[in-house]
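S.K.: First the structure, then my questions, so here it is.
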Amino acid sequence: MAPVMANGSRDSPTEEEESGSQPWAGAVLRPGITWQALVFLCSVGIMICYADRSNISTAILPMADQFGWDKSYQGFVLSAFFAGYMFTQLLGGRLADQYGGKMVLAAGVSVWSACTVATPWAAALGASSLVACRVLLGVGEGVAFPAIHSLISRGVPQKFQSTSVAAVTAASYIGTALAFGLSPAIIEDAGWEWSFYIFGSAALLWLPCWLPLDVAERTAVKARQSPLPPSGPQDEEEPLMEANGGGGPPTTSSSGEPPEDSGIRNLVRLLRKREVVAICIAQYTQSWGLYGLINWLPTFFKEFYHVEVGQLGGLTMLPYVVQGGMGAVSGVVADTLISKGFSIRRVRVALQVAGMLGPAVCLVAATSPATSGSAETGSLFITVGLGLSALTLGGVSVSHLDIAPKNAGTVFGAGNTFATLAGLLAVPINGVILDMTDSWALVFGLTALHFVVGAAIWALWAGGEKLKEDSL
């Protein structure tokens with residue numbers, strides 16, 4: 001990380017930062033591969049990821065009619081994804097940090113795409129097969145964001161990292177919008193099964209572009225070596241991290257411990273830091289709403305506003321289109337404010353708090369008399385709320401790059417594990433609440449409460465500087 005001046009702003013970026021060749025933020029790209037190409041392909045991959053996970057939110061309406069599922073069981077089916085998704089958060093981040101993110105992401109895409117295509121067959125076989133398929137889908141998708149954030153931390157110049165993370169995350173909203181926008185028409189014209197066949201096949205277009213990408217992967221041993229550059233010249237074909245690794249095998253750390261034991265202890269100390277805990281809590285509280293909304297939004301419009309399945313596309317797609325556009329802008333705003341002298345912490349806190357309190361108000365309004373029973377007005381409130389929530393892409397979504405660039409994939413995986421836990425709990429709990437009370441106002445009010453609590457804790461504990469534990 002570049003030095004931070006007294007007022008919190010960075011000094012001018014070094015030549016290494018401009019080119020993306022600092023030890024932890026440029027080491028994975030071979031000569032001739034631009035960071036823009038890396039971010040673009042990652043964005044397309046995440047768009048496919050979210051389309052594949054979100055299409056069931058609309059498809060479950062005819063599936064529930066066909067198989068006789070109540071709300072509680074629908075919530076169970078929808079939440080099964082998160083059980084697998086949570087399992088590979090830390091694992092995916094650690095594998096990417098140690099071995100490189102390219103093949104980790106490729107493996108994840110292959111697994112989740114196969115599961116998406118197989119979903120109709122799994123549903124026809126029975127409940128246990130469908131749940132197993134959804135869990136495995138989550139296992140595949142769980143490595144995506146940790147692997148991508150690890151790649152960004154090493155392959156993108158630091159001053160463009162907020163923008164890159166925002167672009168990739170905005171692509172997730174576009175993927176959700178595509179699933180919500182296209183699924184109703186696909187279901188009406190061809191049947192709900194084809195929404196899985198079509199979206200699941202998208203990886204056949206992405207993988208041939210991703211696999212030839214010339215990204216230098218690292219080995220676990222070399223990843224533990226010093227990141228300082230060697231004094232002599234390097235072979236231009238040699239990956240920077242491999243060149244930095246030195247020639248001899250590691251023996252002991254400065255404390256006399258084997259490097260494996262020392263690394264584990266340092267990692268535990270890093271994950272217990274208040275700034276990392278703040279990331280985990282913020283991810284949990286905001287994801288309670290975001291995951292719950294993605295999974296139940298089509299059902300909300302169908303039941304609360306009595307909208308037919310074929311008419312859901314525009315109402316459920318617009319919020320995520322706006323969220324995607326705002327997400328792309330929020331990263332640029334964050335990077336611009338930091339470059340103009342605002343402290344990193346101040347920028348992260350301001351955007352995160354606004355991105356949680358704004359949606360809290362809008363979600364409460366969406367089920368209030370203020371809508372006058374209009375589905376379009378309800379969609380407008382949700383659209384504004386999700387648009388404001390995209391400001392968090394300049395907040396918690398990039399904080400791990402500020403405080404732990406060397407272990408960015410691992411810290412992101414920790415935060416996303418808590419985010420996934422929120423989805424694992426929120427989706428079925430919302431289903432039970434709806435079965436017991438039939439109250440969408442209660443569901444949205446509980447979500448708003450999570451947003452408020454998360455914003456308060458983030459404002460108190462968020463970090464803005466690289467932690468010393470990340471350097472050990």
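Sequential numbering from 1, following the chain as shown.
In case you wondered, yes, glycine gets a Cβ from its N, Cα and C as well.
Predicted automatically and left uncurated, TrEMBL annotations should be read as such.
Sharing the feature lines straight out of TrEMBL:
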DOMAIN    38-466  domain 'Major facilitator superfamily (MFS) profile'
REGION    1-23  region 'Disordered'
REGION    224-261  region 'Disordered'
TRANSMEM  33-53  transmembrane segment
TRANSMEM  73-91  transmembrane segment
TRANSMEM  103-123  transmembrane segment
TRANSMEM  129-152  transmembrane segment
TRANSMEM  164-182  transmembrane segment
TRANSMEM  194-213  transmembrane segment
TRANSMEM  276-297  transmembrane segment
TRANSMEM  317-337  transmembrane segment
TRANSMEM  349-368  transmembrane segment
TRANSMEM  380-399  transmembrane segment
TRANSMEM  411-434  transmembrane segment
TRANSMEM  440-461  transmembrane segment
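Situate these features within the shown structure.
M.R.: Counting same-chain residues at least six beyond the ends of the transmembrane segment (33-53), those with a Cβ under 8 angstroms from any Cβ of the stretch are 20, 26, 81, 105, 109, 112-113, 116, 137, 141, 144-145, 148, 151-152, 155-157, 160, 164, 167-176, 178-179, 199-200, 202-203, 206, 209-210, 213-215.
Sequence-distant contacts of the transmembrane segment (73-91) (same chain, six or more residues past either end, CB-CB distance under 8 Å): 53, 56-57, 60, 64, 108, 127, 130-131, 134-143, 146, 291, 295-296, 299, 410, 413-414, 416-417, 420-421, 423-425, 427-432.
Only residues 6 or more beyond the boundaries of the transmembrane segment (103-123), in the same chain, are considered here, and those with a CB under 8 A from a CB of the stretch are 42, 45, 48-49, 52-53, 55-56, 63, 67, 88, 92, 95-96, 129-130, 132-134, 136-137, 139-144, 147-148, 151, 192-193, 196-197, 199-204, 206-207, 210-211, 217.
Here the transmembrane segment (129-152) has long-range neighbours at 28, 38-39, 42, 45-46, 49, 52-53, 56, 76-77, 80-93, 95-97, 100-102, 104-105, 107-116, 118-119, 122-123, 161, 164-165, 168, 215, 400-401, 408-410, 412-413, 416, 420, meaning same-chain residues at least 6 beyond its ends whose C-beta is under 8 angstroms from one of its own.
Outside the transmembrane segment (194-213) by six or more residues, the chain places 33, 37-38, 41, 44-45, 48, 51-52, 55-56, 58-59, 102, 105-106, 109-110, 113-120, 179, 182-183, 186-187 with a CB less than 8 A from a CB of the stretch.
Listed as Cβ neighbours of the transmembrane segment (349-368) (distance under 8 Å, sequence separation of 6 or more from its ends, same chain) are residues 282, 285-286, 289, 293, 304, 330, 333-334, 378, 381-382, 384-386, 388-396, 440-441, 444-445, 447-449, 451-452, 454-455, 458-459, 462.
Within its own chain, the transmembrane segment (380-399) has Cβ neighbours under 8 Å at 161-162, 165-166, 169-170, 173, 275, 278-279, 282-283, 286, 289-290, 293, 297, 318-320, 322-327, 329-331, 333-334, 347-356, 358-359, 361-363, 365-366, 370-371, 415, 458, 462-463, counting only residues six or more beyond its boundaries.
Non-local neighbours of the transmembrane segment (411-434) in the same chain are 71-76, 78-79, 81-83, 85-86, 89-94, 138, 142, 145-146, 149-150, 270-271, 276, 279-289, 291-292, 295-296, 396, 400, 403-404, 440, 442-443, 446-447, 450; each lies 6+ residues outside the stretch with a CB under 8 Å from one of its CB atoms.
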